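Annotated features in Swiss-Prot:
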type	residues	note
BINDING	G150, G151, A152, G153, V154, G155, K156, T157	ATP binding site
Amino acid sequence: MATGKIVQIIGAVVDVEFPQSEVPSVYDALNVVDSKERLVLEVQQQLGGGVIRAIVMGSSDGLRRGMTVQNTGAPISVPVGTKTLGRIMNVLGDAIDERGDIGAEEVYSIHRPAPSYEEQSSATELLETGVKVIDLICPFAKGGKIGLFGGAGVGKTVNMMELINNIALQHSGLSVFAGVGERTREGNDFYHEMQEAGVVNVEQPELSKVAMVYGQMNEPPGNRLRVALTGLTMAEKFRDEGRDVLLFIDNIYRYTLAGTEVSALLGRMPSAVGYQPTLAEEMGVLQERITSTKKGSITSVQAVYVPADDLTDPSPATTFAHLDATVVLNRNIAAMGLYPAIDPLDSTSRQLDPLVVGQEHYDVARGVQATLQRYKELKDIIAILGMDELSEADKQVVARARKIERFLTQPYHVAEVFTGDPGVYVPLKETLRGFKGLLAGDYDDIPEQAFMYCGTIDDAIENAKKL
């Protein structure tokens, strides 16, 4: 294959000069021949005169002008199939768990076209999560795309871990976890939790049910920009074999941020708030591939960091358009000590439709939202004049809304370590029974503190007896 020479290095971006007749294509992978460790560059632009501009998939420390670079003639390819299960890989598909080579029979390019319109399928089957507020207000669809939106420290990763615990462990299919620019500690904890749960089997990797791909916070932007595509490529292989796959991505915002870091170095003019001008396109390329086909389904859960709690920031705003369900975490709810801090008035789902969830579920969910919305409107009056100035009907609304707020809390399995309360999985019909009774006034005589951190309504009645 053609060889070239490095002519310029600007941080994570490198210019390489090739003979005019052998210029590599965009997205081709190039190997740095003289590097001690395997170092791959990915072509991003052809600058003319035989010079291309590429992103480094790794650290550019030790690179110098004049080094020889070889074109592989193909995009970055990663191992796919059952050999990836139970293993931790990096953006290039190399094992980083110190357990030897992956040894997969097949490799796929990380740049693939999205399935055509004819191949795609839409499903309305619901995916029960066991989390009351999600199952009631923003139900998930099997094969749907779900976003967990929240600022720093409101609980995105904990909620995602609980969903992995409740869905992946109950679900007999396979999962792929892509850690994009998140904390290495969390990735390490996740791996050990999966081992304890039996989802990762170190002795017999073929019995494992999850493949893990990491490009964490400390890695160069090239790795963080492409690691989501690596994880997605592995999930696509399982889907095309006719399986139902769960794809967890933590965190989509870091994918955008890596694009921003690289974009300026590539010489593109920044757009709104300093983001790359290709923000919508980059997001679309990733999201359009996360879809279900007639062969199999990919259900994806994506954590989305919201900078400065501003949902109108271009990055979260661009992500919104692609999702079927949005779970919005609210700092004010977290500040009141109500966890999970999911905002029932801000979270949405396309599945919350009487034709999909049924009339009863729809009515209960809308009733809960109406009660909470009315309470929100009355809060100003209460703050100025106090509760005594409210009508009897409004006092009743406030009392029920406060009980609903508390009943939306729930102890999590993954938080058991630091709360001491055993986690609870609440079936959908129990969730509906509880909230239907609350709206009808069946539990008006139970004090509100009995509803804190309980599972079903029966637990709340038991708590009331102890008060």
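Cβ atoms are placed via backbone N, Cα and C, with glycine included.
Sequence features annotated in Swiss-Prot and their locations in the structure.
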| residue | record | Cβ neighbours (10 Å) |
| --- | --- | --- |
| G150 | ATP binding site | 26 |
| G151 | ATP binding site | 18 |
| A152 | ATP binding site | 11 |
| G153 | ATP binding site | 10 |
| V154 | ATP binding site | 26 |
| G155 | ATP binding site | 22 |
| K156 | ATP binding site | 26 |
| T157 | ATP binding site | 20 |
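Within 8 Å of the Cβ centroid of the ATP site, not counting the listed residues G150, G151, A152, G153, V154, G155, K156, T157, the chain contributes Y305, L329.
When secondary structure is read from DSSP and collapsed to three states, G155 (ATP binding site) falls in the coil class.
Annotation note: G150 (ATP binding site) sits in a strand segment as assigned by DSSP.
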